[in-house]
Amino acid sequence: MTEQKYIVALDQGTTSSRAVVLDHDANIVSVSQREFTQIYPQAGWVEHDPMEIYATQSSTLVEALGKKGIRSDQVAAIGITNQRETTIVWNKETGKPVYNAIVWQCRRTADICEDLKARGLESYIRENTGLVLDPYFSGTKVKWILDNVEGAREDAEAGKLLFGTVDTWLVWKMTQGRVHVTDYTNASRTMLFNINDLCWDSKLLEEMGIPASMMPEVKRSSEIYGQTNIGGKGGTRIPISGIAGDQQAALYGQMCVEAGQAKNTYGTGCFLLMNTGQEKVTSRNGLLTTLACGPKGEPAYALEGAVFMGGASIQWLRDELKLISDAHDSEYFATKVDTSNGVYVVPAFTGLGAPYWDAYARGTIVGLTRGVNSNHIIRATLEGIAYQTRDVLDAMQADSGIKLSALRVDGGAVANNFLMQFQSDVLDTEVHRPKVTEVTALGAAYLAGLAVGYWNSIDELQGKAEIDRSFLPHQDEEKRSRRYKGWKRAVKCAQTWSELRDLED
């Protein structure tokens with residue numbers, strides 16, 4: 001029998017699909033990545049092509065194995081981690097999506113949310129799903145598809161349509177339509193799942209007109225869901241045995257499996273999660289109560305704050321403003337000036353997330369004077385990411401009653417030393433960057449490996465979280481407080497736009 005030497009993590013993100021191959025020591029052996037098309041039909045709308053998502057993800061799996069000559073019979077299991085909330089509805093008979101995937105960033109369902117609020121469902125949603133009533137989550141996206149795609153509602157009521165977040169879609173495709181499943185972490189992001197009873201909420205399905213037959217089966221984040229023979233040379237069937245939404249996978253990859261441990265992922269958005277164990281903490285400060293993974297992949301509760309625009313605001317500097325040619329250049333230009341020269345950039349391009357939850361706020365640059373140059377704007381954009389993180393962390397500490405001694409960080413933007421140092425200064429907290437920053441993939445791999453006995457216990461994994469660098473705060477309290485007050489004023493300017501939305505075309 002061939003020794004199964006590897007675990008593969010499929011990391012399906014907002015802008016790219018990746019496959020990461022790891023060995024038993026959790027070393028990364030091979031990586032493949034492919035970007036895919038971002039579709040913007042109109043202002044505030046964001047879509048992906050589900051078939052392109054699957055095509056890019058499956059090709060990266062083949063490429064990652066092929067780079068190192070790894071056969072499929074050498075792979076013990078596959079774990080999946082994915083962009084959350086992004087919504088796909090497809091016909092189970094044809095296997096084809098009825099519409100593009102509606103991405104988590106998309107704000108088209110703001111009016112549906114207003115209608116649900118007017119019908120008195122806001123507090124019910126908060127109490128039973130742990131979420132706030134916002135276009136961010138999947139439920140209103142499903143309703144929009146059923147209401148706006150010709151024939152969709154009729155087919156749904158006839159039992160022909162299936163709903164899934166991206167993990168569900170990938171597993172369904174990889175098992176040739178045999179398995180329609182999700183895990184607790186992804187289900188908890190739909191605004192359709194009752195986190196008290198751990199089941200789909202029949203009242204919310206009824207209120208949004210979504211047939212229960214569309215919903216996937218919900219399972220733990222670490223168990224065998226099905227098998228696939230996609231990729232690889234030998235055609236051996238490989239177990240798919242780990243699923244977690246990207247942020248919960250990162251939390252697990254950072255080994256934040258006990259109550260009170262927290263991390264921030266700096267990706268397209270920024271996501272701060274704190275594991276609260278078996279205690280459901282209801283936020284008083286605009287945070288989400290959601291589901292994460294306990295030590296064995298069982299559901300545990302967590303607090304989460306989401307910042308919609310993190311790394312995406314650096315992309316904006318590159319792609320729209322043309323101030324930099326590469327995202328890595330932002331650190332160089334930000335350090336060419338000592339301060340932002342009084343400038344604040346609030347990147348509310350698709351509204352504001354936690355703790356504000358203002359769907360109508362818009363991006364704002366304040367404090368401009370004749371002496372402001374491009375370096376100041378670049379620096380202020382990076383500082384805006386750190387300020388938004390403080391907004392969330394302050395709320396999280398108030399809700400949980402826990403003062404963090406350190407924040408664990410991951411994601412692409414943590415390579416930016418200026419951002420990490422400024423983050424530490426703004427928080428007055430140590431920031432720890434791990435040696436292996438691919439913690440989202442690590443989390444998916446750990447969950448998959450534990451399910452098939454590739455790793456025997458959580459204790460075996462605990463020692464793998466080595467720190468690359470710790471950033472210590474250097475800013476004095478007076479300066480920290482003064483600058484943060486300026487940020488709060490800038491946020492109010494961004495929110496003022498919501499009062500003027502009747503002036504938009």
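Note: Cβ is positioned from N, Cα and C throughout, glycine not excepted.
Site annotation (Swiss-Prot, ligand sn-glycerol 3-phosphate) includes THR14, ARG84, GLU85, ASP246; from TYR124, TYR136, TYR301, the additional listed residue is TYR136. For the pair GLN315 (ATP binding site) and ASN416 (ADP binding site), the Cα-Cα distance reads 14 Å. Binding-site extent for glycerol: residues ARG84, GLU85, TYR136, ASP246, GLN247, maximum pairwise Cα distance 15 Å (rounded to the nearest whole number).
Counting neighbouring Cβ atoms within 10 Å of each of the binding-site residues (THR268, GLN315, ASN416), the lowest count belongs to GLN315. Using the Cβ center of ARG84, GLU85, TYR136, ASP246, GLN247 for glycerol, the list of other same-chain residues with Cβ within 8 Å runs, in sequence order, GLN83, THR86, TRP104, ARG189, GLY245, PHE271, ALA306. Cβ atoms within 8 Å of the centroid of the Cβ atoms of THR14, THR15, SER16, THR268, GLY311, GLN315, GLY412 (the ATP site) belong to the same-chain residues GLY13, GLY267, ALA312, site residues excluded. Across the annotated binding residues for ADP (THR14, ARG18, THR268, GLY311, GLY412, ASN416), the two most widely spaced Cα atoms sit 21 Å apart.
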